[in-house]
Amino acid sequence: MSTERDSETTFDEDSQPNDEVVPYSDDETEDELDDQGSTVEPEQNRVNREAEENQEPFRKECTWQVKANDRKYHGQPHFMNTKFFCIKKSKYANNAIKTYKYNALTFIPMNLFEQFKRSANLYFLVLLILQARHKMDKEINNRTCEVIKDGRFKVAKWKDIQVGDVIRLKKNDFVPADILLLSSSEPNSLCYVETAELDGETNLKFKMSLEITDQYLQREDTLATFDGLVECEEPNNRLDKFTGTLFWRNTSFPLDADKILLRGCVIRNTDFCHGLVIFAGADTKIMKNSGKTRFKRTKIDYLMNYMVYTIFVVLSLLSAGLAIGHAYWEAQVGNYSWYLYDGEDFTPSYRGFLNFWGYIIVLNTMVPISLYVSVEVIRLGQSHFINWDLQMYYAEKDTPAKARTTTLNEQLGQIHYIFSDKTGTLTQNIMTFKKCCINGQIYGDHRDASQHNHNKIEQVDFSWNTYADGKLAFYDHYLIEQIQSGKEPEVRQFFFLLAVCHTVMVDRIDGQLNYQAASPDEGALVNAARNFGFAFLARTQNTITISELGTERTYNVLAILDFNSDRKRMSIIVRTPEGNIRLYCKGADTVIYERLHRMNPTKQETQDALDIFANETLRTLCLCYKEIEEKEFAQWNKKFMAASVASTNRDEALDKVYEEIEKDLILLGATAIEDKLQDGVPETISKLAKADIKIWVLTGDKKETAENIGFACELLTEDTTICYGEDINSLLHARMENQRNRGGVYAKFAPPVQERFFPPGGNRALIITGSWLNEILLEKKTKRSKILKLKFPRTEEERRMRTQSKRRLEAKKEQQQKNFVDLACECSAVICCRVTPKQKAMVVDLVKRYKKAITLAIGDGANDVNMIKTAHIGVGISGQEGMQAVMSSDYSFAQFRYLQRLLLVHGRWSYIRMCKFLRYFFYKNFAFTLVHFWYSFFNGYSAQTAYEDWFITLYNVLYSSLPVLLMGLLDQDVSDKLSLRFPGLYIVGQRDLLFNYKRFFVSLLHGVLTSMILFFIPLGAYLQTVGQDGEAPSDYQSFAVTIASALVITVNFQIGLDTSYWTFVNAFSIFGSIALYFGIMFDFHSAGIHVLFPSMFQFTGTASNALRQPYIWLTIILTVAVCLLPVVAIRFLSMTIWPSESDKIQKHRKRLKAEEQWQRRQQVFRRGVSSRRSAYAFSHQRGYADLISSGRSIRKKRSPLDAIVADGTAEYRRTGDS
């Protein structure tokens, strides 16, 4: 029993999820989402698992070998893999990438496979065009960089780069492959990179090369002769890990992720750098994370397939029934009618068999072959309407909306869930200093210099400050007065703290200060201090220079106590020019208040200000300081230096020492920064919520930041009850226990019990971190019992136990995931933070799988690609984080607010148009085709057609095609403005109300009844009839003309009844189609064309002879009236008694146009009742304190290379004495 229990253990019971840590568990790509039931371990999972678990021996793990400047080395036979039969290919990918679905060779076969998923589609090759991703891939593959060839750096295209090449990159270049950093222009070969395309963060990160390569690989000639060999892990998708070894000069050097530049990064603040290509093209980590391109099809596509299958069955049954009727008729009548003898002595049953195929041909128009052609034309047109929509055009960046696919438009009108990234999607990723509280006084409102509030908006003029950058918009003139007058020294002390307590680095570009910060928040604070007169000018290893209202002062930096996610604060200890020692600290209010001196008179006022800032969804930091005696500092500094050189647990030792000095602090105030939302985000989310679309935010940001944005964009309100990971974990555990208790032998026969997790009513939201997500969904690494560690089961009993244990684990995992989805879907909003790209895709897939809902994912970075590809519809935002998301998306635009127009206008219109089109198309084809069926009862079931052959050919091509195409392209029930004003109109698409099996059978029945009327009214009119000339016009050809004329008029008038939005084009198409029919018919029935083609045109004179009879016209009018008047009556009663929302809005549209548009609801601030804290403004990882204090980041003149070589040792720059 203990063994069995141990084998079911899925996670460490003693380990608690860490909300601050991103759980890098991306050990598979999203391929695992396609095959949840597979028992075969994915290849990528195997590679990553081995790379993590089999650390010893090292050489066995690192099977990927890269030889510098030696392309032939990588072409050796033992590096070749068999790809197809005897065809071999090197396991090293070239650097060209492919995100398109097809190439020139696979286009036809793959399209055949894809298009034949759509039944009866014969015209796909004409309409499908190779997707535009070829163009974007070509553009990327043709980018250039410098590569060493023949001993010199030469310009080469990205696609020509190969593993082992040494390349040179310059400032602001994209990194073309995963490369090992060899050297750079910076001290110690530091290289600063922006990783926005990888993790969505625009703050800079630094990489540093090996000391040996920094010394010897600076010049072109030494780089050209570099012959090092790298052995490392196989290509995988883990962005944060790399394990390898460089063998060079008879020495081995360990490599880790800090020495690797990943494809997709951008070189910043580094003039140039050199690198060795380790992984290229499809082997790079960003491409491993992007997953495969999926074929996406709409819900209507799947439904159409089943309907076509239904029509096939109906066609077969009708043909079989009529064939049996013909066999019976032949046996009873045909064999005894000498004038029907055709010279063939076939039996009645054989004639019936032949007639079965005859009716398959005659009734083939029941299967709408041309339907797919028309659908593709409509979708193409709708895609162009999206591209041409000027209201989705972002003029600031000259970016129009782009439909990158033509097959998903109507699905935009059926979305249930939206999964959105945060940074760069909901926000601009631009931090702005908005307000502050100093000495208990709030600054930042609209006030003049005499402290009077006013409604007139007048921006503060910073022209008095030579260092101001002119970008800060501030409106409180009283704060400027306080700074300049110096009446309150705490005000100047406040901004001095912002200018000195940070890890920002500075350089000058064209004489202007340029700051590079570890987080955008910190950059915003230093820039704010700069604009208010306290400008950070320069720093060295031990000093920092500040301009204080025009006076430059230099302070000695004694220690930097850096930020981390546990401390949630940073401090700096400086010695003033007067010799005083002072500690300045900034951090989250929760940690600062614990360390304040008991005597802080403004503590409560600052707390009230923090509550106000929190309600305004601003990100806050508390600022404080402390005077330190010389003796106290000397004692502390000894402990600090000892902890700094600790060989084990250095970080923990430092944190403990920091705690000793960061106490009894004096509170100065608090800052309030706005993580600026994109324009229109709250309004968009509000409207989408009214359309019953649920929005989930999936972000790699920390919990506090994500929660803050949730309040800012109104996903969360003060009335929202927030549930966290630990809360729902207990709920899910209780639910699993209840389900286990209800289980048993007869459990599968009992009806499922639908229990709610929360009582009805109330507004709830779920905020969960990636670590808790893994914990709850049982995605953590499993503990293997002794039995599971065996490579092969020793006995049949062991094999049976292993299989049963695995099944129980899978069943438990599946049930737990279903319970989580059920719980999350009961919440009005869900925010998943600190999640990885794989987890984003997993959450989307869970909702798809267990809710059977239509999903949309929207993001702007490479870390969103997996999610975008997994969702039914992917939307890319062309923003701050490159084009990777756009390249993988189905639709793209520049701003999140355009999503409401894409869904509520274009999506809803596309859905309504497609549904109307399909209903009408099925109707007109059944009305047309089933006339043959009724005619069969009067022609001995002989498979004779009821129409002229040319009419059958042209009916779907000319006589009834244009009006329905125009309706599918142009029709709209209400205008775009009313569609946005009344989001509730969107719900019909979510509920599949306009096209489903019920609607299909109604259209079928309507077509059947119309065909009966079209046949039997003319039949009754023709019986025992005499014309004006005394002759009976009851011949077959006149009868066919009468039915055809009534049919064309009926189906074209019917589409007029179905049209909601009339234009000249619609009217012209309807009446033009009728006129075209009569014009072509009179031409085809003329004597002249019969003389030219006697065998092809046999209805000579029929139209002119039949249609000159008045009662023929009366018959046509009567037939059309009987077909249409019941429809008119039913529509009138329906709109009068059971009007839809659309009907009501159409009825009052003139009044509605005059009413005021929707306004964003006003927030009501209730003082002192806020229970939440706005996010503290720091980056996710340590800052640059280590670099600053060690001096490695300080620009120095590089020593001559010869001197370094002669010295023979590396120059280590270590922390200097204070």
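Keep in mind that glycine also has a Cβ here, set from the backbone N, Cα and C atoms.
Just so you know, TrEMBL annotations never went through curation; they're auto-generated.
What TrEMBL lists as region 'Disordered' is 1-58.
Annotation source TrEMBL lists domain 'P-type ATPase N-terminal' at 75-132. When pLDDT values are averaged over the domain 'P-type ATPase N-terminal' (75-132), the model yields 62.
The domain 'P-type ATPase A' annotation in TrEMBL covers 141-204.
Taken from TrEMBL, the feature transmembrane segment covers 306-329 (among others). Listed by sequence, the residues of this chain that lie at least six past the ends of the transmembrane segment (306-329) yet keep a Cβ under 8 A from its Cβ atoms are 119-120, 348-349, 351-353, 355-357, 359-360, 363-364, 366-368, 922, 933, 936-937, 940-943, 997, 1000.
The transmembrane segment annotation in TrEMBL covers 356-375 (among others).
For ASP421 (active site, 4-aspartylphosphate intermediate), the count of additional Cβ atoms within 10 Å of its Cβ stands at 29 [all protein chains shown]. Annotation source TrEMBL lists active site, 4-aspartylphosphate intermediate at ASP421.
Annotation comment: TrEMBL describes ASP421, LYS422, THR423, GLU522, PHE563, LYS586, ARG619, THR699, GLY700, ASP701, ARG834, LYS840, ASN863, ASP864 as ATP binding site.
Here TrEMBL flags ASP421, THR423, ASP860, ASP864 as Mg(2+) binding site. Taking the Cβ of ASP860 (Mg(2+) binding site) as centre and 10 Å as the limit, one finds 32 other Cβ atoms among all the protein chains shown.
Sequence annotations record features per position, and here TrEMBL assigns transmembrane segment to 917-938 (among others). Nonlocal intrachain contacts for the transmembrane segment (917-938), taken as residues 6+ away from its ends with a CB within less than 8 angstroms of a stretch CB, comprise 300, 304, 307, 318, 322, 325, 359, 362-363, 365-366, 368, 371, 374-375, 378, 944-947, 955-956, 960, 964, 967-968, 994-995, 999-1000, 1002-1004, 1006-1008, 1010-1012, 1014-1016, 1019, 1043, 1047, 1050-1051, 1054-1055, 1058.
Per TrEMBL, transmembrane segment is recorded for 950-970 (among others).
Residues 307, 310, 919-920, 922-931, 933-935, 938, 946, 1033-1034, 1038-1039, 1042-1043, 1046-1047, 1050, 1111, 1115, 1118-1119, 1122-1123, 1127 of the same chain, all 6+ positions outside the transmembrane segment (1000-1024), place their C-beta atoms under 8 angstroms from a C-beta of that stretch. Taken from TrEMBL, the feature transmembrane segment applies to 1000-1024 (among others).
Within the chain carrying the transmembrane segment (1036-1055), a Cβ under 8 angstroms from the stretch's Cβ atoms is held by residues 920, 923-924, 927-928, 931, 946-948, 951, 955, 959-960, 963-964, 967, 1010, 1014-1015, 1017-1019, 1021-1022, 1070-1071, 1073-1074, 1077-1078, 1081, 1099, 1102-1103, 1105-1107, 1112, 1115-1116, 1119-1120, 1123-1124, 1127, all 6 or more beyond its ends. Here TrEMBL flags 1036-1055 (among others) as transmembrane segment.
Non-local neighbours of the transmembrane segment (1067-1091) in the same chain are 948, 950-951, 954, 958-963, 966, 1041, 1044-1045, 1048-1049, 1052-1053, 1055-1056, 1097-1104; each lies 6+ residues outside the stretch with a CB under 8 Å from one of its CB atoms. Here TrEMBL flags 1067-1091 (among others) as transmembrane segment.
Taken from TrEMBL, the feature transmembrane segment covers 1111-1134 (among others).
Straight-line distance linking the Cα atoms of ASP421 (active site, 4-aspartylphosphate intermediate) and ASN863 (ATP binding site), rounded to a whole number, equals 9 Å. When the domain 'P-type ATPase A' (141-204) is classified with DSSP, helix, strand and coil residues number 11 helix, 31 strand, 22 coil. Residue with the densest Cβ environment among the binding-site residues GLY700, ARG834, ASN863: ASN863, by other Cβ atoms within 10 Å.
The Cα atom of ASP860 (Mg(2+) binding site) lies nearest to that of GLY700, taking the binding-site residues PHE563, GLY700, ARG834 as the candidates. Maximum intra-site Cα distance, ATP binding residues ASP421, LYS422, THR423, GLU522, PHE563, LYS586, ARG619, THR699, GLY700, ASP701, ARG834, LYS840, ASN863, ASP864: 33 Å. Neighbour density for PHE563 (ATP binding site): within 10 A of its CB lie 26 other CB atoms from the protein chains shown.
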